[in-house]
Each structure stands twice: as structure tokens, then as C-alpha cells.
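To start, the structure itself, in C-alpha cells.
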Amino acid sequence: MAAKDVQFGNEVRQKMVNGVNILANAVRVTLGPKGRNVVVDRAFGGPHITKDGVTVAKEIELKDKFENMGAQMVKEVASKTNDVAGDGTTTATVLAQSIVAEGMKYVTAGMNPTDLKRGIDKAVAALVEELKNIAKPCDTSKEIAQVGSISANSDEQVGAIIAEAMEKVGKEGVITVEDGKSLENELDVVEGMQFDRGYLSPYFINDAEKQIAALDNPFVLLFDKKISNIRDLLPVLEQVAKASRPLLIIAEDVEGEALATLVVNNIRGILKTVAVKAPGFGDRRKAMLQDIAILTGGVVISEEVGLSLEKATLDDLGQAKRIEIGKENTTIIDGFGDAAQIEARVAEIRQQIETATSDYDKEKLQERVAKLAGGVAVIKVGAATEVEMKEKKDRVEDALHATRAAVEEGVVAGGGVALLRARAALENLHTGNADQDAGVQIVLRAVESPLRQIVANAGGEPSVVVNKVLEGKGNYGYNAGSGEYGDMIEMGVLDPAKVTRSALQHAASIAGLMLTTDCMIAEIPEDKPAVPDMGGMGGMGGMM
């Protein structure tokens, strides 16, 4: 086991603070509408230009082990805020730096770090409660667009396209961000349910131009096992042929004789059918087949529930207005399912989301809700160069997370104003303990730091602006983008309450841990001897 370097007290705390400052100073320059760019070197390809706080934070590793520990702890603030709210990473980093810097002064002066932390926690709890009180719901497309624009560094086009996407697929809908092919941002909306399985044979294609198989008013057969014997399918195929309608077969797999017969029937025009594999794997496949059954008004034919393929009737089949099957995707448009049953299914999946523990499971369940409830929107980000594309995509993803957070918990005045107004909750907060009161004072000063940084990045004088904003009331603040004072909500400068709350809570949590740190342990790097040069090899004299 390698030897360890163990250090105590103020000296090691100072190293930790140095690490915090290096990381925070790199991140804080990106804050606000006039935030600067940070250029990050990549091992391969061109440099990455970004204004996204968490992207900058993730790139930083420091040489000194103790400084690096401080930097990594603040990186955790940015990452955690990003995971919970999807935005506000720079605000969280600025708050953490401010709380640590203020708190260290008190610790060095001999105050009890544990009481300071208790005071900080009490102040943050009061601020969070006040933020909930001053938040207003975010319902209209205009407000959603404003939140998106602010988060995307005042890019109004990004806000507008996100608002349009939410309008089309609903607030529960799935919105994904992809690389575009043109210079402009584009919105592509898939109505109905889409899953990532395509036709099993290209001979099913009937629209050569689009390279898809399009079925109008089809029946949908759902089976949870493989189909390889055509005899099992014949009774259903005969009933569908009599009805003179096309058929989509969704099964674990369709192979051999069964697939060949379907293809031949399709080519000869006897019966228009398309076969696709069922989406997902294992239990998720069963659940998704059930979703499709409810959406189309059919049942999943499964031996588990006593149904067999040869005894299936038209009543067991689902129906839809139109189904389009491509090479990799199948889209079911306007299923004939009962609206009440679909709603009940959505409610059931939402219940599962509440109890799900892993982010992956939550994401997959959320996708299922979206496919049943609305649809899927894809924002294709356009840019002139690949470097610009990456930077723009970062901002669009930030904006998307911010708008979702705004819909969830409402919005507050942006530009650091909400935190200043929430300070009112601390005026009457007395803990009855001098050290804890000092903790409250630390937070009281720290909540000014986001506004100060926004003003500094815009080239203004922070103290002058903070004093002027404090003289006002309500949503009165400073719009760094235009250099004007006024009502932030009316000017469209909004922040999601969830983002502001998460930033404050995570910053205070990590900063509190740092203040109560008294010992740090790091590995001592071993001095490995250099590898000796290779000696000359016999018989290679002519090459030396």
C-alpha cells in the first residue's frame, strides 16, 4: 500500500480553498447574458468552446492533490445541480465559492465550524421556503420561450423552438436534441407512438420514394413469442384477407417459412402485411407490447394469459388509422384504443416513475408516457462548423432542462434577483447562538454573489448595481443583457424556481462539508525510476 500524506488544520484548508477558487474562477466567467466563452483542449479533434458551467467543471483536474480535492468537491456541486435541475451549474458554483470564502474567515477567526454549518443550513431552509412562496406558475408558451432563451444565453430562437416543441408534444412529451444538417435549427415532430424497430424484410416496402412501408387503416397483431410456422398464422391471415385490410405483425421475431410466406403474399398483392420485431427486451418488451395493445385497442396474444395464435380472431387485433414502418422505426398514428384505458395506463406508468430508483428506469418510463400521451419532438441543431454545433447543442440541452424545471416548480425573477428578494426571510431568523448567527450572515452575503458575477461579466460595477436592486422591491432588477433596470418578469428574464433552489441547496451542502473539514489525506506519488535506454542489438551495427 502506498504511503499517504496526512495534513491538518488551516494550512490544508487553505489548499482546499485554492482548488475551489481555481475551478470556480474558470466556471464563473460563463454566467449571465454577457458570459464569456471557455475554450477546452481535446485530445482528438478541435478545441471545444462552451458557456456551460458543468462542461467546464468536468474538464478540471489539478496537479496538487489537496487543491484537487477542493476542486472535485465543487465539481460535485455543479454535477449534482445539473442532474437534478439540468441547469444552474454556474450559479451553484458561484454560491459555493462565496459560502466557502466567507465561512473560512470565521473558521480562521476561531468560530465553531459545526455551528457555522448549522446556521448555514437553517438560512438555506428559510430561503428555499421563501423561493417557493415567490415562485409563480409557468404555463404559457411565451413564458416557456423566455425561460429557454435565458438559459441558452439569451438566444431567443432556442427559446421559441423549445416552446413550440412543448406545445406540440405536451409538457410530458419526449424532446430530444440531435445534430442538424443545415445552418438553422429545425423542429421535427413525430405524432403518435414511435418505437425503434423497422421492417424485417425490405420486400415489405410499398413507398419507394420514402423507403417505407405505409399501411392505411391496418389491423395490428401483437404476439410475445417467435413466429416461424405459417400454419399458426393462417387463421388470422384468412380473416384479415376477408376484411380486405392490411396487417402489421409485431412479435419477438418472425422467421423462416412464416416470413417467406408473408413476403410472397405481399409481392403478389394477395395480402398486404408487414412484420416487425417487438421493441425492448425482457420485462420492458412485455410492458411496451401492452402499451401498443392499449393504444390500438387490441390484446397481446400470449400463452401466459391463455391465448394462442391459431385461435386469435379479429377482435383480438388492434387497429390504427395509419402506420409507417421504416428501416429502423415504426410509427403508429391515431390508434383506435379507448381514451379512458390509455389515461389509466399513463397514470399507472407515472406511479412507477415515482417509485423508480434508477435514472435510466425513470427515463425509459418517461418515454413510455410520452409515446402514449403525446408524441416525440426532435430539435435538430444547425450550425456552420462542428465546434459551433457542439457549443450550441450544449446550450439547447441546458435550455430544455430549464424549461422542464420551470413547468415543474414555477418561475422566479431571473438575473440573481430572486435570491436577493428571498433574503427577507433571513431578517428575523435568530438562532440564539452567536456562531450559528454568523452562519446565517454568511448565506446573507453569499446570495448577492450570482448578481455580482453577472454584472462583472457584463462589464458593470457590481456594488452599485446590487445596492440599486436592493432599493427596489418585488421583481425589480438589472437586465445585464440590455443594461436596463426594471421588472425582470416583464422583461422576460426568468429563472426556474427549481434551478435556483437546487443551486442554493447543493452549494450550501458541499460548502458546509468543507468548513467542517480538519484533515485531508492524499497518496504520496511514487518516484518511479526512468526506463533505461535500449542497448544496441547485435548484428545491427550498420543501422546505428
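Along the chain as shown, the residues are counted starting at 1.
Using N, Cα and C of the backbone, Cβ positions are placed for all residues, glycine too.
Predicted, not measured: the structure shown is a model, and the values here were computed from it.
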Annotated companion of Thr30, Leu31, Gly32, Pro33, Lys51, Asp87, Gly88, Thr89, Thr90, Thr91, Gly415 at the ATP site, Swiss-Prot, chosen from Asp179, Asp188, Asp334, Asp495: Asp495
Number of other Cβ atoms within 10 Å of the Cβ of Thr90 (ATP binding site) across all protein chains: 28
Under 8 Å by Cβ from Gly88 (ATP binding site), counting only residues of that chain that are 6 or more apart: Thr81, Asn82, Ala402, Asp495, Val499, Thr500, Ser502, Ala503
List of residues, in chain order, with Cβ under 8 A from that of Thr30 (ATP binding site) and at least 6 apart: Arg36, Asn37, Val38, Thr50, Lys51, Asp52, Gly53, Val56, Thr90
Gly88 (ATP binding site) in three-state DSSP notation: coil
